[in-house]
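Colleague: One structure follows; several queries about it will come next.
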Amino acid sequence: MGRSRSRSSSRSKHTKSSKHNKKRSRSRSRSRDKERVRKRSKSRESKRNRRRESRSRSRSTNTAVSRRERDRERASSPPDRIDIFGRTVSKRSSLDEKQKREEEEKKAEFERQRKIRQQEIEEKLIEEETARRVEELVAKRVEEELEKRKDEIEREVLRRVEEAKRIMEKQLLEELERQRQAELAAQKAREEEERAKREELERILEENNRKIAEAQAKLAEEQLRIVEEQRKIHEERMKLEQERQRQQKEEQKIILGKGKSRPKLSFSLKTQD
């Protein structure tokens, strides 16, 4: 068991050191590439400066030489001659020669400028080609490094994908929980509202029942009162009727002579043989 642990630890250390060495070598190669590109750009800049300096020196030497030549020609020129029009011949010829020299100098300057522009165009093309090749080389190096680190990159991508998936799942669960809580709160609010409405309806029903009961009680009392009044009226009528009958009997007694005021009358029926 101890040997296997030591071997695994040594292997892990070896892999870690190899990875560290690879990273170090990659960083060194990148720094070397950057240093090469920097040196090349510096050398190109120094070449450009040297060319500019040589051009300026050549211009100054050309102007000095042309001045010396003009001075020599003036010194070696014969005395002025006069033509039929009274003009000096030497001056006219010198003017023509001067114009020719100026034209030649202009042509030479134009050619020199054309060569300079051509050289600058070529230098620019060389710089662009160099930059393109450097870019291709860097892209190739990057591709090689990516190919070397393909498995590591794939593992890192998978790790990030899994991490993003976990985060999304967590966010989704949290969102579902929030929705569930919101639905529960809404359901509770609805139930509370329904309960309040139900209680209000029950209260209204109780109030209506109470009012109906009170109305029924009042109606029953009123009916009892009416019945009692009707009974009293009936009793009063009965009493009045009895009193009337009594008075009528008394009057009849008086009329008929009852109470020994008149003799009794006897009525008999004769039977026929």
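Yeah, the Cβs are placed from backbone N, Cα and C, and that goes for glycine too.
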Colleague: Out of 157-161, 172-176, 182-186, which range is noted as motif 'LXXLL motif 1' by Swiss-Prot?
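Modeller: Checked against Swiss-Prot: motif 'LXXLL motif 1' maps to 172-176.
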Colleague: Swiss-Prot annotation phosphoserine: which of SER6, SER76, SER94 has it?
Modeller: SER76
Colleague: According to Swiss-Prot, which stretch among 136-140, 201-205 corresponds to the feature motif 'LXXLL motif 2, degenerate'?
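Modeller: So the range that Swiss-Prot calls motif 'LXXLL motif 2, degenerate' is 201-205.
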Colleague: In the same chain, which residue numbers or ranges, 6 or more beyond the ends of the motif 'LXXLL motif 2, degenerate' (201-205), come under 8 angstroms Cβ to Cβ?
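Modeller: Residues packing against the motif 'LXXLL motif 2, degenerate' (201-205) from afar: none.
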Colleague: Grab the pLDDT values for the motif 'LXXLL motif 1' (172-176) and give me their mean, rounded.
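Modeller: PLDDT averaged over the stretch: 95.
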